[in-house]
Structure formats: C-alpha cells, structure tokens
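What TrEMBL annotates here:
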- 6-27: transmembrane segment (TRANSMEM)
- 12-93: domain 'Prepilin peptidase A24 N-terminal' (DOMAIN)
- 100-118: transmembrane segment (TRANSMEM)
- 106-212: domain 'Prepilin type IV endopeptidase peptidase' (DOMAIN)
- 125-142: transmembrane segment (TRANSMEM)
- 148-172: transmembrane segment (TRANSMEM)
- 184-217: transmembrane segment (TRANSMEM)
- 229-252: transmembrane segment (TRANSMEM)
Amino acid sequence: MTAWAIVIVSLAGLLLGGLFNAVAIHWDKRLPSVYPPSYCAHSRHRPPTYAVIQLLPFLTSGGKCRQCGQRLEWRYAAGEAATALLFGLAAFRMDSQPELIAALWLIAILSIITQTDLTDKIIPNKVVAAGVIGAIVIRLFIHPLPIWNYGIAAVAGSGALLAIALLGSWVLKKETMGGGDIKLYVFIGLMLGVKLTLLSLFLASLFGLIGGLLLIAAGGHARGKTLPFGPYIALGAITAYLWGDGMVEWYLGLLSF
C-alpha cells in the first residue's frame, strides 16, 4: 500500500477514534447525544462541535478543561491516537486490501471494549454482538482461510478461556474472569482463525502477567484485586493478527534446530 494510502487510513482512524470513544462513553449512560464524544467530568463542558478530532482540543488546552481548568480524562485522547496508529499499522502490514477491511473492523471493536473495560470494567454484550455479526459478514466474503477454520477458532478460543476461568475460580475460590472476556473470544476467533487465536490467548496472558506485575511493583494495584483483562486480550489479538504469522514461523524455526 502506498504511503499516501497509509496516511489516509491513519487519518480515518483518528476521526473514527472519536466515534469509538463516543460509543464507549455513552453505551449505557443514556446521555442525550454521542457527539462530541468527550466532555469534562467536573463541569460537563463539551469541546466545540467543530472540533471533529477531539485529540486536538486536548493538546491545545494542555489537557485541561477550558471551562473549569480541571484535568481532562487523557484516556480518550490516547484512544484516538492509538486508533490512528493501529489503522496505519494495519494498512502498512496488509498485503490484501480486502483483508484490510477485516483488520480495521477488528481494531474498531477492540478499541471500544478496551475503553469500556478500563472505565467501567465491563465488556458490553451489544458491542460484542455487533462485532460477531460484522465478523460473520466479513468472513463470508473475505476468508484467506477456510470458513470452517474461523468457526472452530471461535469455539476453541472462547472454550479455552472458559476452561481457564473455571480452573482459576476453582483454585483461587473466587471469580477470576468475567463472562465478557469469554464472549469476546467468539469475535476474535471469527476474525483470526485457529492458529492466531491460540497465539493471541498466549500473548494476552503474557501481557496481562507483565502488566499486573508492573502495577503491583509500582504500587498502583493491590494484590487480590482483579485486573480488567479486556485491554490485554485486545493487545494480544491485534499483535497476533498483525505479526502472528512471523512469530509462529520464528518459533517453529527455533524448534527445527
């Protein structure tokens, strides 16, 4: 894909990142409008309607509300920037333009659930359902792998996570994973196929372990409390989708020595 095409896709990610923020913020709050997608939690002041890209007023105001001077939530500006970056990476990595559609849908859904899980510690069923419906439609027309591979991946991924959750609950005598994480893997399986879905499970667990240890070491998280696992699932799935084939080949190459 040409450099200009990558830039255009990245800008689309920046614009759509605001929409993803809006869905994440408003999904269950019944606010009168989903635009502008962010507002100050203290004064309820919203950025001007002409500010389509919410990252810009955040940066130009120094991350503070122009109305009351309080710090704005940085997470949503970071979400827009991350979506733009991931859209650009997907455009750079994808050899197939049709498969780019699948990549952008994957990033869109995972961007939303990352925000909701970080903010409300929940992965909304309606977001997962929308993701699954979109994934089925996409894979009916765009499927580098046999269609049955994606179906098996959806069952295997969610089933494996369910088994891990049940084992963790039995060992620790408490709930270790929410149902939303398990349902999310139906969507991920439909998008990634068997090989990359299993790799994403490993990566999500690895990222979650590293993130949890770092938070505990920094004193930002108490032992015994559960961490939202959705962001680590998202990171593992996107990493596996964009770089998984190369990672698997590298690992198999090590085994061949």
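Cβ from N, Cα, C; glycine included.
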Item to check | Per Cβ pairs under 8 Å, the stretch of 6-27, 100-118, 125-142, 148-172, 184-217 packing most closely against the transmembrane segment (229-252) | outcome: 184-217
Checklist outcome for this item: Spatial neighbours of the transmembrane segment (125-142) not adjacent in sequence (6+ beyond its ends, CB under 8 Å) are 23, 27, 98-99, 101-102, 105, 109, 112-113, 116, 150, 180, 183-184, 186-187, 190-191
Checklist outcome for this item: Over the domain 'Prepilin peptidase A24 N-terminal' (12-93) the mean pLDDT stands at 71
Checklist outcome for this item: What DSSP reports for the domain 'Prepilin type IV endopeptidase peptidase' (106-212) is 91 helix, 0 strand, 16 coil
